[in-house]
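So that you can see what the record holds, here are the features copied from TrEMBL:
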TRANSMEM  37-54  transmembrane segment
TRANSMEM  66-88  transmembrane segment
TRANSMEM  94-117  transmembrane segment
TRANSMEM  122-140  transmembrane segment
TRANSMEM  160-178  transmembrane segment
TRANSMEM  199-221  transmembrane segment
TRANSMEM  241-263  transmembrane segment
TRANSMEM  270-291  transmembrane segment
TRANSMEM  297-316  transmembrane segment
Amino acid sequence: MNTVFAVTLVFVGCCSNVVFLELLVRDFPGCGNIVTFAQFAFIAFEGFIFEVNFGRKKPAIPLSNYVIMVTMFFTVSVINNCALNFNIAMPLHMIFRSVSPVVFILKILGYVILIIIHFCKYLSIVLVSVGIFICTVMSAKQVVSSAERGGTEEEGMYAFLHWLLGITMLTFALLMSARMGIFQETLYKKYGKHSKEALFYNHCLPLPGFVLLSTSIYNHAVLFSQSSPVEIPIIGQSVPVMWLYLLMNVITQYVCIRGVFILTTECTSLTVTLVVTLRKFLSLIISILYFRNPFTAWHWVGTAVVFLGTLLYTEVWSGIHTPVKGEKPDKKTE
């Protein structure tokens, strides 16, 4: 029963979160900082009450380790959202963030001795790389052609370079996220799994860092307040529509995270990966169909290859996890 409930939370929360994020970004592409700040503040506030008991509960993992993890987490979150301000379409943004085999790539680079890896692992990495390459190239052509239709060739080149900077940001965030995952895995092996504690500190400790982004946050807060009002039926009050979108984005983000957390405690890692991958694909479909984001046949090919590579990496076809040399078998694997 808990598994069904968790899966429902993941699909409803995460998919709704993408919808409200796109509603925000569509009118204000540079609003990523205020969205990230609101999400961090809400989750930190909830964790301060229910996880650390108003600061009375001591952390199981030393704070010095959390500082390193938080630095990476804060960097990834901010860069991912800032990339939306560089002509990055939401579907391409989601495809970049759907890549998990990159973590495996960095693990390979980190090993000193040779490791025997199943052929499917290599194939999955190749498929994901090819899929992202196809989607990225097609998106680049769309950016250039769109800019050239509305101006000169020089403007098209400027738009392309602007877009390329966004792609560079997404790539850096992807690699940083992979490194953070490895570091977090190391901490869990040493101190045990404390997911809720890590969730709190990952969102609480970075809050002072938003001072550096205070100008952007304030400017968008003003812009949000100037958006068209909408009446809330239950309370009968009118609020600026962008603030309503932001509130719903924060709530759905929390529902999404809670769903994933419950899922990780109830199911195997393979099941969690499959559910999250399927959720990301559904979010992509919603973004394309509902918001009419440009998506060519080649984009579909690239997307299919990316998700095929991700599923192949989890060895979903055999349902069996083949441990690599030096890795302990997962007793919970289905």
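Quick reminder: no glycine exception, Cβ is built from N, Cα and C everywhere.
Unlike curated records, TrEMBL annotations are generated automatically.
The highest tally of CB pairs under 8 A with the transmembrane segment (37-54), across 66-88, 160-178, 199-221, is held by 199-221. Across 66-88, 199-221, 241-263, the stretch most heavily in contact with the transmembrane segment (160-178), judged by Cβ pairs under 8 Å, is 66-88. Proximity of distant same-chain residues to the transmembrane segment (199-221), defined by a Cβ-Cβ separation under 8 Å and at least 6 residues beyond the stretch ends, is recorded for 28, 30-31, 33-34, 36-37, 39-41, 43-44, 47-48, 51-52, 59, 63, 66-67, 69-70, 73-74, 77-78, 257, 261.
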